[in-house]
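TrEMBL lists these features:
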- 526-749: domain 'Sulfotransferase' (DOMAIN)
- K534: active site, for sulfotransferase activity (ACT_SITE)
- R623, S631: 3'-phosphoadenylyl sulfate binding site (BINDING)
- 765-785: region 'Disordered' (REGION)
- 765-779: compositional bias 'Basic residues' (COMPBIAS)
Amino acid sequence: MMLPPTTIMVAAAAAVAAAAERVFYVVLVDESQRDHARAAACTWLRVVAPPAKTILVTERNRSTFLASFRACSFRPAPHLAVKSLLDYTHVVRRFATALKPADDDWVVIAHAHTLVRPGKLAAMLKDRQIGDYAGLVRNASDGPQYLGYFPHVAPEHGLVLRGVAARKLTTEARRDDFDFRAAEFGAARLAAELRAFGITPTDSDCFRAVSGDDDDDDDDDWMQRGVTLGPLDPREMLAFGARVWGSALRPPPSYPKSSSSPTLAIAVLVRESEAVEAVAAIERGWGSAVRRENGRNSVEFFVSADVVVAADKEDVVRLALPPRPDASSRFYWSKKSFAKGDEWNEWLRRKVAAVARRFYDDDDHDETSSRDFVMIVDDDTEVVPGRLFEVLAEYDPRRAVAFGRKFGHVEKGALVGGGPGIVISRAALRRMAAVDCPDALPIISKTVPGGDGWLGQCFDMAGVRVADDWRFKSFPRHAYPPDQRSRFATFHRNSHKNPVFFVDPTTTCRHVVSHWILRRPTCAPRFAIIGAPKCGTTSLHYVLGQHPDVALPSRKELNFWGSPWSSSSATPTTLRSFLFRYLGAFPYGRVTGESSPDYFVSGDAPKNMLRFVPKIQLVISLRDPVDRAASAYHNKLDDKSLHRYLNVDDPRLDTDLPSYTPPSFSDLALDVNDTLETCPDYARHRTMREPGQPGCFVNPFVLHSYYAKYLRPWFDAFQPHHFLVLDYADLANAPNATFARLAHFLGLSPFPYDTALRYNTRHNRGVHPASRRRNKKPRAGGIVTATYRDPPGPWTIDHRTATILHRYFRSPNRQLHALLATTGHAKPSWLRSSSSQ
Ligand SMILES: Nc1ncnc2c1ncn2[C@@H]1O[C@H](COP(=O)(O)OS(=O)(=O)O)[C@@H](OP(=O)(O)O)[C@H]1O
């Protein structure tokens, strides 16, 4: 039965909403896969859930979509068209806005090629406590301290979400700059957005990745039998991805598959420059344990012919390949393979092809002597032998399957990443032998153009199913919480993944970010001293750094999260591209943090930090506003950069500097007075760098002492307990007590700091050498020096200037007082003196 195309989607959607059973199926249909996608979607409607319960989501418009359903003679389900199927957050948002699910409703999100057994799923949703967001959790765990990828659920294996969670996503658009080229970014983004509402995924073993099947199954027959049939065996699947779109739904494979003690041959692709060390390390590590496992396993090391390594070692296989290209280039370590050029990828593909060929040439087609599985790993793959063999025992070597950490959200071109290792069953190897894929296969994946890409294509040509197994991990062991590590079969020591979107810094440095570019683990900052400028932040930074448990970046002001004065200030693009560099600035293993006083006055820093380092502890120092303004003024006067803070990017002034007569502090105060007369509304006061109406300009030296204005976005973003608000006067007069407070706030043990060392005072401040030279562009920031001189007293300011400024700060001080009171912070000394109030 098919409704006319004029059927209005909204009406159908309303029918869904009114359905008695409140489980919605949101099915993602990749129409670029045309017939297969349609077949899958039609099958969904016929077998899994009728249109009244299903919302189909495509990237095409409605008319194309409706037309496609004529073909399957089925009434079209409600339809949502989205820009990208992989933007799961948007999909959920659209769904929740259109259908307004009730709190207790369930939303099941799956790709059309995901097998779902609705009866079993409904039973599970009813009976089991699975939280508000569940599925097969990838790359992570529920560990709250996990740092790396957010724990996230891959919709291709099915994902369930409570109505209440789906609706939350409609309340606020948090993150808009994701890159959807990789499916897991979309899935991780959804996780990140939900996480902002305190919703973390539950890992349920009922959502499984497909693990292998042969191609002889009669899908139609199975579909006739219905997906709700069968006992709910814990090893059966509620949902899993099928291999090809054309045969969208497949029966769950039956377990156990292989013998209890599968046999395995491992090929290690060894980087020539490190071959000797790598071979030795693997032998010492997992190599011999793999060989021992059942006495029939082998581990061989494959190097290219131009390298002489361990000549006496019979397990080292020299491949007859042309010399490795650009081995001396600085890109040698870069894993951006596609950037290295065709020659390089060509070579990598030939290498893997040669290894695969060697495997199948060795195959004597005797089931008793042939290995059940072969595996190709990198020399930085860490294999956990015991666990690996348990995993292998779940697969049937007689079925043509390759598995590991799968890439690619659709089955077309699906491949397994080489880092965590690629396992190929005996049957798969034989199919590959029959096809004997040529070395020159076109590169179909830009992200994986090398050897693993070639294998993926060869799997496709040979009809080898590519399966995702969650126990193959693309991060190093330390990136996973200790209690999770024992579950995994492999790790990749030098992860290729960019953790940019998934950083979840914790308050302790024991949790690390690992990035392939860094080639070492690093630590997300636990704290940031965010200003205010000229309030002793340099002394706070360096004196704190004396603590043995504290390790600081080599530079004080990273200004990564945003500074109105910095050209390298964060934009969505720079944030995304450079977060790893920022993280790379932090030493590993101790409490770390940074100090960038410009964050205080940056409009962007609070939201950027909340987004990427939400657990960070923020240290703020506040000083008498007039004194701070004078300090800031004299600092820029010394730097010969005053004009930059008073004129909007006037390039002439840099070159005409000798003729530039800077205004005095008193002149500036008079200007402020004028502004106050003509523009009494403080909300309109701005420095030249802040957006807003013209006419209410207040120079930044003065305006940046309007603390309430700049503090408000911070307190809006972070909870009060994130902040330690210090009084500059305490730093000057009671430094030991001040540093003790700071240490306590950061969870550091007491330490006898040398607090008499004072940095960046007006007596010892370094002026950038360029600023001293005539006609040279002035540069901010000099060499940081410290002295034991007494702290400088307040600036001498003439009476008229002081009166103007005290008058100016009356209202800002009152606002600050109120803000600190509502956030539970003590008021600084100058607020206690009545003159300021
Ligand atoms: N220990 C200690 N006690 C009291 N005062 C101190 C201390 N250390 C630095 N200072 C004074 O703080 C001013 C410099 O602050 P910052 O380091 O935050 O400046 S900056 O924003 O990083 O440029 C600068 O103020 P002025 O001298 O008034 O300009 C320093 O003298």
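Cβ coordinates are placed from backbone N, Cα and C, and glycine is handled just like the others.
In terms of burial and nearby residues, how do these features look in this structure?
Cβ-based neighbour count (10 Å, all protein chains) for K534 (active site, for sulfotransferase activity) stands at 25.
The local packing around R623 (3'-phosphoadenylyl sulfate binding site), expressed as other Cβ atoms within 10 Å of its Cβ over all shown chains, amounts to 26.
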For the recorded positions K534, R623, S631, which residues place their CB under 6 A from an atom of ligand 1?
K534, S631
Excluding near sequence neighbours, so keeping only residues 6 or more apart in the same chain, what lies with its CB under 8 A of S631 (3'-phosphoadenylyl sulfate binding site)?
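Listed in sequence order: K534, R623, R762, W795.
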What kind of secondary structure is S631 (3'-phosphoadenylyl sulfate binding site) part of, going by DSSP in three states?
helix
